């Protein structure tokens, strides 16, 4: 039965996942979201000064100093997370320009300009409204950057350029060469903007928000989150890194943590559990599928190879990296370990999501770097109950992996015994061939 399932996955599912991984647009989006990791961490650190007055008292001199300079202290957050869509547009433009072998500065400029034409809004007094320059504008940023570079590529292939004499300096020639392309790209975005405002009576970001509302809202559901973790484990089981899904999930989780941080700073209740911090600290505790149980039992295995793999995989697992155990045990393409990894593991991964959904654990407002088990959960939530949730996950992981590990261990011990027997027979045959007489 498993062979039929593996054949089905190899024929239909794996090729689709590989195509997604090789897609230049999804790859550019994935790289742009990875590049935003430092900004997320810096934005999360912006919460620390806000929390200090509540910890030491508002009349404390330190608290008063923080209050006095709060506008200055919040600048990294404002120009970081508050302008994230701008950075994403630029990075997507950069990577797509490299993929198409186009002029990088020109593509980056058009990507950012296209996004701004779509996203910019104005207040009643005529000032520029930057609401959609942050995480709320991520999807329109991706659309604008991709469309701008594709238009750039289309124009370039059809030679919509101005050729200058060879005597003109190269940097001047390139600027004039891009002029017709820039006019076409900018004109296209202006037309899109006019249609949205005059015909649809809304700005482009609102259209994306309304269209993607079901997808975005569904990700903040524990059942959907459990399904997502199951899909990630299924991909990993067949040797495909679950990062192929990040172009879809990362923009949503990034938007959610930005809203949580904004609510926290405003003293409003946080509403989103699906954030990078929660996913890392609870969803990927000791790695995708919470494989700590397998690492634990491997360390005490009677099989020499398993014991060695378990000891090697322990330290990486404590910091959320489980590739050593997945490919070393291996879990990948191992029918005996399919159920605990793909079926049960995702349920354990979702403990944090369920705890937050029922109000037993605070929502995540921080995206800590890889700081290890327990520390990461606490830093993500600033809630001591995260230690209980992480501890429960580890205990359950150890328990559920035990029966499957024992089946796998018996097979490994039998394999080691057979290898030893084959070697012994080979040695005997070799000695007989020597025909030594004393």
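Backbone N, Cα and C atoms are what each Cβ position is placed from, and that goes for glycine too.
Note that this is a predicted model, so its numbers are computed, not measured.
Feature annotation (TrEMBL): of 72-95, 216-239, the stretch labelled transmembrane segment is 72-95.
When the ranges 368-386, 387-405 are checked against TrEMBL, the one recorded as transmembrane segment is 387-405. Contacts between the transmembrane segment (72-95) and the transmembrane segment (132-155): present, as 3 or more C-beta pairs lie under 8 angstroms, all at sequence separation of six or more. Stretch with the largest number of CB pairs closer than 8 A to the transmembrane segment (312-331), among 102-120, 132-155, 176-203, 281-300, 337-356: 281-300. When pLDDT is averaged over the domain 'PTS EIIC type-3' (9-404), the result is 88.
Take the transmembrane segment (281-300) and the stretches 176-203, 337-356, 387-405: counting Cβ pairs under 8 Å, 387-405 has the most. Listed as Cβ neighbours of the transmembrane segment (337-356) (distance under 8 Å, sequence separation of 6 or more from its ends, same chain) are residues 2, 222, 225-227, 229-230, 232-234, 236-237, 273-274, 278, 281-285, 288-291, 293-294, 329, 331, 362-364, 377, 385-386, 389, 392-393, 396-397, 400-401, 404, 408. Proximity of distant same-chain residues to the transmembrane segment (176-203), defined by a Cβ-Cβ separation under 8 Å and at least 6 residues beyond the stretch ends, is recorded for 103, 106, 109-110, 113-114, 117-119, 121, 132, 144, 147-148, 151-152, 155-156, 160-164, 168.
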